[in-house]
Ligand code: HEA
Ligand code: HEA
Ligand code: CUA
Ligand SMILES: [Cu+2]
C-alpha cells in the first residue's frame, strides 16, 4: 500500500448510542435474570418488565445507531478502508457465532459419542452401567434416558427435509439478489430479496409446526433427556438466528426500496446476506448431525 | 533464587519429618513412591534449568550494565542457538514423559482386585460399601463444632478425623469404585497417591496396594459446596487377618441391626425416645444445611421451623425425607438412615423449635412410605 | 471525497482537543479516552478483587472459623477469581491495546470507534450485576470461578441466573473488543508497516484477539447450558438424562485454557517491548518470538483437559493431554531464552519498567515450571486442587500478568501524561511488591505439597504456620498496591518533570515519535514506515 492510496479514515465524533446500548444490555441481563428466577418459582415480579424495557432500549439504540451510520454512508463519508473494517468486523463476528454453535455441537457429539456410551458401559465405565444404571442401553437417538424417561426421535424426512430445501433455496435467491445489486438490476434485486424473506418466514412457520408436533404428539420436549436438549437448543438457537436474519433482510428490503445501495456502497446488504448464508450453513450441519445421523 | 530456596526447603523437609512437611509425601505404596520420585525428578530438572537461565540473566545484569560502561552489541538473531534451545527442552520433555507414562499406565489398571469398595460422596460425607461383604456405612467428620468455632482447643487431628474410617487390608489390591450422590467430590488419599473425582451418575475406578499398616488421612479435593472443607477421609490399613476379623464383625453387626429393624416395625416408640434420638440424628445429618436451630440459610437451605412441610401433612414430610426433592440439594435419606432414625428425626422436626404438632412418627409409617403404600 | 463528506468531517474534527465534562467519557469514540477508562476500571476491579482476597487471607490466617461463614468464603473465592480474571487482567490488557495499538501501527484510532465505546461501557454494568448478586438472599455465586456443574446447576442458589447473564454480556464486551483489535491491526496499519515489522505487543494482541473471538462464545454456550440445566429442566450435565457433569468441564476448559493464555500473551508482548528498550539492543529472535506466540496459541486449543486429569478420563486421553501440555513449554522457553539473549551484551539500565520486566521473567518462569510439573498426569493426581495449583497460577497471573501490566503502566505512563511519575514511589512500589508477593505465594507451594486443598475456609493444624506467613505477605502486598494508587493519582494530576517524546533513551517505535503527552488525535495522516 503506498501513501497515495491511503485515505483519511473516518473517526466518528462522540456518539450517545454505545452507552445507550450498554444500558440496554444491563437491563436485559438484570431483567432476564430476574425473570428466570421469578418464573422458576412461579412468583410475580418486575423481571419481565425490565427485560422488555431493555429490549426496547436496545431497539432504540439500534435504530439510532444505524440511522447515523446510514446517514454517514449515504453522504459518502465511508472510505474503502472503512468498508474493509466493517467487512472484516462482520466476518469475525460470524466466526464468533460459529464458535457459539460449536459449543452446542460439541455437546451433541459428546452426549452421543461419550456420555451415553459410557453410561451404557463403554470405555472405562463398565461399572457405571453395572452398578448405577443396570439395564440402560446406549442407543442414539436416546429415546430412553438412563432414568427411564422416554420420547420419540425426530425423523429427517418430512418437515426437516422440506425446511432444508427451503433454506437452501433462500440462499440461492439471496445470492442472485446480490448479483442483481452488483449488476444494477434493481428489479431482480427487490424481487429476489422479497422471495428470500418469504422463504425465511416460511421456514420459521414450518419450524414452529415441527415444535408443536414434537411437543404435542411425540413427547419430545426440552426436558426429555440429552437428545431433546441438544435437539431443541441447536434448532432453537438456529431458529433465533433465522429470525434475526429475516429481520435484517427485511430492513435491507426497505432500504432497497428507498434506493439505497449500489455496486460500490453495499456493506449492510452484504453483511445481511453473509449472515443469511452462515445461518444456512449451520442448518445444513444441523440437518446432518441432528436429524439424519 | 527462589528456586534455590525451594530446594533447600525441601531438603529441610526431609530432615524434619512429618511434623512440618514441606514436600510431597512419599506415601506407603509402590505407586506413591514412584510418583514421589517423578515429582523430585521434574523438580530437579526445573531447578537446573532455572539456575542456567536465571544465572545467565543475572550475569548479564551484572556484566552488561550501562553503569559499568557496557556498549550494546547489535546481534539479534542466530538460527543456530535458536534451534538448540528449541531442541534441548524438547528432549528433556521426552525424558520426563517416558517414566511418567509408565507410572500412569500402572495407576490406571484396576484389574484383578482382591477387595472392592464402592465409595460414594455426598454433601458432606463419604459412604463406603464393601462389594463382596454385606458391610456399608457412612463416614462423617468427627471434629467437634466447638473446636471449629474456636470454643475448644483444637486437637491433634483437627478436621482430619471421622467417626468411622474406611478399613482395608495391607498387601492386597483394593479397588475403589468412586461415585457421588449429588455434586462432584474427589476422593483423595495422599499416602496412596490416589485422587479420583466422584462424579454423580458415573463410576470412576482407582486402586491401591498398601504396604504398611497404619492410619492414613486425606480430604475431599473438589469444591462441593459449603462444607467442602469439612469432609475428611480416614483409612485404616490392617493386616489381612485383622481385616478379615473386622469385616466379619461388621457384617454381623449390620445383620443384627437389620433384624432389629424388622422388629421395630411392630413397635411404637415413645415421644421422648423419638425426640432424643431424633435430635442426635438431626444434628449429625440435617443440621449442616437446615442449621441446628431449624432456621436454615435463607435463599440456600429452607427453614424447617414453621415450614409447611414440617407442620403439614405427615406423609408428605416422610416422603420428602425418604425420597428427597429432585432438582434440589435435598437428598433421599431413605437409604442413608435406618427406619428408627428416620422415624425419630421426622418426629423431632415436627416437634422441635415450636413446631408443636404433637405427632409421633413410627418406623412402620416410614416403612409404608418407602414401600410406596 | 464528496463535499458533503468534507462538510461532516470538518464539523466533527476541526478541534483537536478533547471534549470536556462527563459526556466526554460517556460518548467518547477516542481510543485514548477509552483506553484510560478501561485502565481505571481494571484498577478499581483489581482493588475490589484484592479486597476479597484479603477476606480470604484473613479467614485463613489461623485455623478455625473466625471471620466469615463457609458459604460466604466460597462466594469470596468465586468472585475474587471472576473479578481478577474478567474484571482486572482482561480489561487492563484491552485498555493497553486501546491506547497503544493504534499508536504503534500508525493508525488514527481503532477501526470501529463507536463499538469500542460500547464494549467498554458494558463492563461496569456486567460487574455491577455480579457484585450486587452478593447481596441477594442466599448470596452470590459460590461455586468457584470454574462453576462446575452440578454445583452450579441443581445445587446452586438463585443468583446463578444473574451470574449467567452477567457473563453473557461480559463475553459480548470481550468479543467486540477483540474484533476491534483484530480489524484495527489487519486494516489500519500505516503504509510500510508490514506484519513482520509490527511491534511484538501488537503481534501478541493480534493472536490474543483471535483466541478471544474463538473461545468467548464457547463460554457463552457453557453458561447457557448451566442456565437451562438449572431453570429449564435440561440435562446436559446430568447423567440421569444421558448427560455428564464432566462434559461441563470439557466445554468450560475448552474456553478456560485459551483464556489463561489470553491473560499472558499480551504480557509477553509488553516484556518484549520493554527489555530491548532498556538493553539498548534490538529484540533477539523477532521472528521466532512471533512463531512461538502463534504456536502457544494453537497448542492452547488442545490441552484443555490437563485441568481434568482426576475426572477419570480414559488412559489415552490422559496421555494425549499430558504430552500436548508439556509441549507448550518449548515455545514459552523460546520466549524466555530470547529475552535473556536480548539482555546479553546489551547496555542495561534498570528503570522501574525494566525492574518489573525482570521480575516478570524470573517469577513467571517459576510459575511456568510449576505448570510443567502440573502437566505430568500421575503427579498432578497429587497436586490437583491443592494450594500447589494456587501457587502456580498466582505466579503466572500476579507476578506474570499483573506485573507485566504494572511494567507497561510505568513504561507508557509518561507518554500518556507527558510527565515523569514519582520515581521514588515507583521504586518503593516495586520493592515492596516484589518481597511481599513472594512471601504471599511462595509458601503456597509448600502447603500445597503438604496436602492443603484449595477452596477451604479452614484447615488442619499442620498448615497453620505457613498460612500465617502467607496472609501476612498478602496484606503487605495489598498495602503495597496503595503506593501505586497514590502514584497514579499524582500522575493524573500531571505532577512531575515533563518528558521528551522518546521518554526512554533506547525506546524504538512509532509511539515514541509523537509528542508526550500524546495528542488527543494521533496519526490522522498516516506516517510512513521504512
Ligand atoms: C496466565 C496464566 C497461566 C499460564 C501462562 C499458565 C501456564 C501453564 N500452565 Fe497453568 N493454570 C492457570 C494459569 C496459567 N497457566 C490457572 C489460572 C490455573 C488454575 C485454574 C483453576 O483450576 O482455577 C492453571 C492450572 C494449570 C493446570 C491444572 C492443575 C490442576 O488443577 O491440577 C496445569 C496442568 O497441566 C497447568 C499447566 C500449565 C503449563 C504447562 C503452563 C505453561 O504454559 C508454562 C510454560 C512455561 C515454562 C515451562 C517456563 C519457561 C520455560 C523455559 C525456561 C524453557 C525450558 C523449560 C523446560 C523444558 C522445563 N496449569
Ligand atoms: C489475575 C488474577 C488474580 C490475581 C491478581 C489474584 C490476586 C490475589 N489472590 Fe487470587 N485467585 C485467582 C486469581 C487472581 N488472584 C483465581 C482465578 C483464583 C481461583 C478462584 C477459585 O478457586 O475459583 C484465586 C484464588 C485465590 C486464593 C485461593 C482461595 C481458595 O482456594 O479458597 C487465594 C488465597 O490466598 C488468593 C489470594 C490472592 C491474593 C492475596 C492476591 C493479591 O495479589 C491481591 C492483592 C491486591 C489487593 C489486596 C488490593 C489492593 C489493596 C486494597 C484494596 C486495600 C486494602 C488492603 C488491605 C486491607 C491490606 N487467590
Ligand atoms: Cu466433597 Cu469437597
Ligand atoms: Cu490450562
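Numbering starts at 1 and runs along the chain as displayed.
Heads up, the Cβ atoms here are built off N, Cα and C, so glycines get one too.
On a predicted model such as this, the values are computed, not experimentally measured, just so you know.
Feature annotations, reproduced from TrEMBL:
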type	residues	note
COILED	B:243-277	coiled coil
DOMAIN	B:16-111	domain 'Cytochrome oxidase subunit II transmembrane region profile'
DOMAIN	B:112-249	domain 'Cytochrome oxidase subunit II copper A binding'
DOMAIN	B:273-353	domain 'Cytochrome c'
TRANSMEM	B:41-63	transmembrane segment
TRANSMEM	B:83-101	transmembrane segment
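Across all of the domain 'Cytochrome oxidase subunit II copper A binding' (B:112-249), the predicted model scores a mean pLDDT of 94. For the domain 'Cytochrome c' (B:273-353), residue counts in helix, strand and coil come to 45 helix, 2 strand, 34 coil, using DSSP.
In terms of DSSP secondary structure, the domain 'Cytochrome oxidase subunit II transmembrane region profile' (B:16-111) contains 67 helix, 1 strand, 28 coil.
For the domain 'Cytochrome oxidase subunit II copper A binding' (B:112-249), the number of residues in each DSSP class (helix H, G, I; strand E, B; coil) is 20 helix, 62 strand, 56 coil.
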